[in-house]
Ligand SMILES: *Cc1c(COP(=O)(O)O)cnc(C)c1O
């Protein structure tokens, strides 16, 4: 075992000088992470909510192993393959409405980039100039690449620091009151000639603070986008594949977007893959005799066969195992386990939706102290800002989830 070096691996969103060194993971199994030193942690995060079936599911492992033997990768220019075709057909069948045209990429951020680019290009292809901006919502998170960053919350997204490097978008509060609805309506009316579309995370703004909104608010966003003739992009990178209790969050509002972004749990947390899926109407704007009207994007590892095989196996599991019922069972256990924290000193809010439980604290928060306290209790929980959240595997055993909610009550209730 080599000594860890603290400057070799550049870590995500981490001040390398002052942050505690990372723990060294050795193995995973089910909802557990085993560290090199032998400690076994119950995972409250499912690796940024990707590992929806738990870790090392044998069905996904077998599918990927078989694909590895046959063809790990092949370029997607001029070639196609069964894993990608099967996956596209299955996604189109599972998604609502006529979201039938699937563009594969390799991360959530890129899925968002592709959606933004496609929406802007729809207008160009229709011969309408000057419509390249987007309306987005405060509290949102859509990824770390430049276009995706530009539609993230303007404070959290650090827009000011990057200044003109980022395209300037139009921000609103989610229309969860009549006054805010009026503000969105008026803002979209005023700026519609410069706007390509509207982007929103349906039902839960995830990495921006686990803020939840009722389906009616999403329906309002969709209605206002339609009223002003804007392309509606739903970013379901966080919410897709059962996290909110339905396969896709937009189902709960009866909303069918023009473009939808999927990633995170798409491969059951095993391999990087993302999809941007468009309706027939969006796709039609690219269907032309003009080569320049084609969608101008093409990742090197587009539709990687290993990742597509993993995603197909993950969809098998959604079809044959009761994942949505499990998500709803987790919701009930999270509600019961976290409810005692409501109204306690230092607790601002307790929120549960599907297999997402979030406790919002009154700042200032001692993040390092909390992380250490969770570790002491054998729980892998990573608070950020004023939020402590659980997004476990949908298959987490009841007693493992009880350990997580128990640790939340002990650590946060004592604050
Ligand atoms: C994680 C996330 C992204 C970015 O996905 P990456 O794979 O990290 O690029 C985009 N949108 C939402 C809603 C996310 O949760």
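Yeah, the Cβs are placed from backbone N, Cα and C, and that goes for glycine too.
Just so you know, the Cβ of residue 141 (substrate binding site) picks up 23 other Cβ atoms within 10 Å once every protein chain is counted. Among the features that TrEMBL reports, substrate binding site is placed at 48, 141, 264, 298, 382.
Taking Cβ-Cβ distances under 8 Å and a sequence separation of 6 or more, the neighbours of residue 300 (pyridoxal 5'-phosphate binding site) in its chain are 75. In this structure, residue 300 (pyridoxal 5'-phosphate binding site) belongs to neither helix nor strand by DSSP; it is coil. Summarising the annotation, TrEMBL assigns pyridoxal 5'-phosphate binding site to 108, 109, 235, 299, 300.
Annotation for residue 264 (substrate binding site): same-chain Cβ neighbours under 8 Å, separated by at least 6 residues, are 48, 49, 50, 108, 237, 238, 240, 241. Summarising the annotation, TrEMBL assigns N6-(pyridoxal phosphate)lysine to 264.
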Request  = Please determine which of the binding-site residues listed here (108, 298, 299) has the lowest count of neighbouring CB atoms within 10 Å.
outcome  = 298
Ask   = Tell me, by DSSP, whether residue 235 (pyridoxal 5'-phosphate binding site) is helix, strand or coil?
value = strand
Request  = Around ligand 1, within a Cβ distance of under 6 Å, which of the binding-site residues 299, 300, 382 show up?
outcome  = none
Query = Of the binding-site residues listed here (141, 298, 382), which is spatially closest to residue 109 (pyridoxal 5'-phosphate binding site) when Cα positions are compared?
reply = 141
Ask   = Secondary structure at residue 382 (substrate binding site) (DSSP, helix/strand/coil)?
value = coil
Ask   = Going by C-alpha positions, which of the binding-site residues (141, 298, 382) is nearest residue 235 (pyridoxal 5'-phosphate binding site)?
value = 141
Ask   = Where residue 141 (substrate binding site) and residue 299 (pyridoxal 5'-phosphate binding site) are concerned, what is their Cα separation in Å, rounded?
value = 22
